[in-house]
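For reference, the structure is listed below as structure tokens.
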Amino acid sequence: MQLKIQLLMLVLMTVLTDVYSKDGFIVSKKNCLYRCSQSDERGFCNAVCLRYDADSGYCRTGKCWCDGLPQKANIAMKNKSYC
């Protein structure tokens with residue numbers, strides 16, 4: 001019985017984490033994307049993303065991509081242009 005409860009809690013925590021976080025290219029307060037170099041092995045982008053309360057970040061196609069951002073975070077939309 002104890003094992004079943006622990007497994008249920010694990011599943012619920014996983015589902016809730018996915019629901020309450022999002023991933024994407026982070027947009028600054030000035031409505032700009034953070035540019036980066038592909039050779040930046042998680043350094044700059046990870047630091048930027050952590051400032052926005054993300055789990056981690058890395059350089060993807062020359063822009064900072066953040067994983068595990070809070071729902072309130074401003075991420076880039078496909079049909080919008082940024083500075």
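First residue shown is number 1, and so on along the chain.
Glycine residues also receive a Cβ, built from the backbone N, Cα and C atoms like all the rest.
Sequence annotations record features per position, and here Swiss-Prot assigns signal peptide to 1-21 based on similarity to another entry.
Per Swiss-Prot, domain 'LCN-type CS-alpha/beta' is recorded for 22-83, and the stated evidence type is sequence analysis.
Annotation source Swiss-Prot lists disulfide bond at CYS32-CYS83 (among others), citing sequence analysis. Within 10 Å of the C-beta of CYS83 (disulfide bond) we count 8 further C-beta atoms, all protein chains included.
Taken from Swiss-Prot, the feature disulfide bond applies to CYS36-CYS59 (among others). When secondary structure is read from DSSP and collapsed to three states, CYS59 (disulfide bond) falls in the strand class.
Following the DSSP three-state reduction, the secondary structure of CYS45 (disulfide bond) is helix. Sequence annotations record features per position, and here Swiss-Prot assigns disulfide bond to CYS45-CYS64 (among others).
Annotated disulfide bond per Swiss-Prot: CYS49-CYS66 (among others), in sequence order, evidence recorded as sequence analysis. The Cβ neighbour count for CYS66 (disulfide bond), using a 10 Å radius and every protein chain shown, is 28. Mapped onto three states, the DSSP output places CYS66 (disulfide bond) in strand.
For the pair CYS49 (disulfide bond) and CYS64 (disulfide bond), the Cα-Cα distance reads 8 Å.
For CYS64 (disulfide bond), the spatially nearest entry among the disulfide-bonded residues CYS32, CYS36, CYS83 is CYS36, judged by CA separation. Between the C-alpha atoms of CYS45 (disulfide bond) and CYS32 (disulfide bond), the distance comes to 14 Å. In space, CYS36 is the closest of the disulfide-bonded residues CYS32, CYS36, CYS83 to CYS66 (disulfide bond), judged by Cα positions.
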